[in-house]
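TrEMBL has this to say about the protein:
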- C:4-78: domain 'Glycine transporter' (DOMAIN)
- C:90-163: domain 'Glycine transporter' (DOMAIN)
- C:6-22: transmembrane segment (TRANSMEM)
- C:29-50: transmembrane segment (TRANSMEM)
- C:62-79: transmembrane segment (TRANSMEM)
- C:86-104: transmembrane segment (TRANSMEM)
- C:110-135: transmembrane segment (TRANSMEM)
- C:147-165: transmembrane segment (TRANSMEM)
- C:171-190: transmembrane segment (TRANSMEM)
Amino acid sequence: MFYTIDILGTIAFAISGVLIAINKKMDLFGILIIAFVTAVGGGTLRDLLIGETPVSWMKDMTFTYTIIASAIFAIIFRSKINYLRTSLFLFDTIGIGLYTVVGIDKGINAGLHPIICIALGTMTASFGGVIRDILCNEIPVIFRKEIYATACILGGITYFLLSELPIENNWVFIIAGIVVILTRLLAVKFKIALPTIYKS
Amino acid sequence: MFYTIDILGTIAFAISGVLIAINKKMDLFGILIIAFVTAVGGGTLRDLLIGETPVSWMKDMTFTYTIIASAIFAIIFRSKINYLRTSLFLFDTIGIGLYTVVGIDKGINAGLHPIICIALGTMTASFGGVIRDILCNEIPVIFRKEIYATACILGGITYFLLSELPIENNWVFIIAGIVVILTRLLAVKFKIALPTIYKS
Amino acid sequence: MFYTIDILGTIAFAISGVLIAINKKMDLFGILIIAFVTAVGGGTLRDLLIGETPVSWMKDMTFTYTIIASAIFAIIFRSKINYLRTSLFLFDTIGIGLYTVVGIDKGINAGLHPIICIALGTMTASFGGVIRDILCNEIPVIFRKEIYATACILGGITYFLLSELPIENNWVFIIAGIVVILTRLLAVKFKIALPTIYKS
């Protein structure tokens, strides 16, 4: 189940990487590198921090093949994936929902505190996009006005609240993932943002 | 003893992160993330390099609670912490003094060469601030004209020189930390900088 | 044999770091830090990803001494190393050829898939330069129009193709390294670049 989620997140992030790299007029290898970094960046940081090495994409070739296939697909059908901005946003949002859940699961398996698990989920979901944006010379999406990390954190809190109730574990994870995706979609649609703190 | 120093450094760096994030008009979660990254960034790099995983702040919740409490404190009393620039500089300097000593201690425990221990201390002290500055889109403080890494290195050399003498170990560490803090304070006060090398 | 290649690559990258840091009018410690980061950055990422900690330059002081000696040499003879741009390019290219081979070798020893080994070689070769460029506020060389990662990948493919033939292993590595260096030199000389993908 988690494996499937992980692969789905990989596809979503790889495509989001290809779209932004094409937008930046990168060459073929540049596009592939950005797709790769976006897809595995967050999971790599997570694996390094909990000491699970070699990191997961190095031990299981499914990730590499999935990323290459997604990249080729996105390059070929780039004209069909109209409205680049909208699709990029959608794939990015699906990716953070899926990866948040994968990160929380890995944290629980490593026996870490719920707060740390939520932090791990947030990092898994956001770090790949941060590196992608830095390499593409964009302001990291996580620091733009849109709700981003907040969505991951809300999803994580949802998970730990629901896991107290008699609900099957798989459902808890699915609901947590949906909370992340919906929070971000609604926040962007209704232009909700966190208040900023001014020097009073 | 080292644990106390580590927590004190965490408070200093978390507050320095909050002050710079408020200055940048970030939202609440942005401020918390910058406080966190500033406080744990250097120690995380150190732990990763010597292979001590999961990294220390993931295993011991005291760090997380300290950072959250320091951030809330700094946000509430932000108007009292007048002269943001001066206080930021002061907290930053205290932080690098304390973290240099913690990094050297970890390196010695890992059985590493004195030069590597000094490098570890310098990284522990400076890397959190470097990430903070990159995320806040400032030129990293370590590369500005002020003495920074040099102060850490001088403190490290002081440690290894004094440890040859019959002085109690705790005192050696305290003196080394003070050397770091004083070097930076004096360098900034008297505008001392290292010479630059020009292409002759 | 690999140890010698590793040390040669360290010298080449340390000198390339010194030259760019002098160009940026950094102070003495800044120059040393850039030399260090350029020389050990790629290998550090590689060692972290495969879980070989403490990372290699922390366990073997030869790297530290080599970097310091190379840096002092490059600073003293900076006027003799005329045509900074050309020599920087040459040392950088020799460095990526040598480090690609070292990275592939480490990947094979860790029992990883050939594609992952090639990725490791490419990261070992390019990551130090990427950090150097980010710290010096230059666009990372890997994303400039020049062939860079492509050269590493071609060298990696050459290695795995030749290793099927009855050729002595050391020669396979030497040829692979030369392929990396020649590919980059020829690509720059004849202004060959990969095609970019435009949004059709």
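The backbone N, Cα and C atoms fix where each Cβ goes, and this holds for glycine too.
Keep in mind that this is a model prediction, so the values were computed, not measured.
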Next on the checklist: Checking distant contacts: for the transmembrane segment (C:171-190), what same-chain residues at least six beyond its ends satisfy Cβ-Cβ under 8 A?
Outcome noted: 1-2, 5, 89, 93-94, 96-98, 100-101, 104-105, 125, 146-148, 150-152, 154-156, 158-159, 162-163
Checklist entry - Same chain, outside the transmembrane segment (C:6-22) by at least 6, Cβ under 8 Å from its Cβ: which residues? => result 30-31, 34-40, 43, 62-63, 66-67, 70-71, 73-75, 78, 81, 84, 87-88, 91-92, 94-95, 98-99, 102, 128-129, 132-133, 136, 138
Next on the checklist: Give the mean pLDDT for the domain 'Glycine transporter' (C:4-78) on the 0 to 100 scale.
Outcome noted: 87
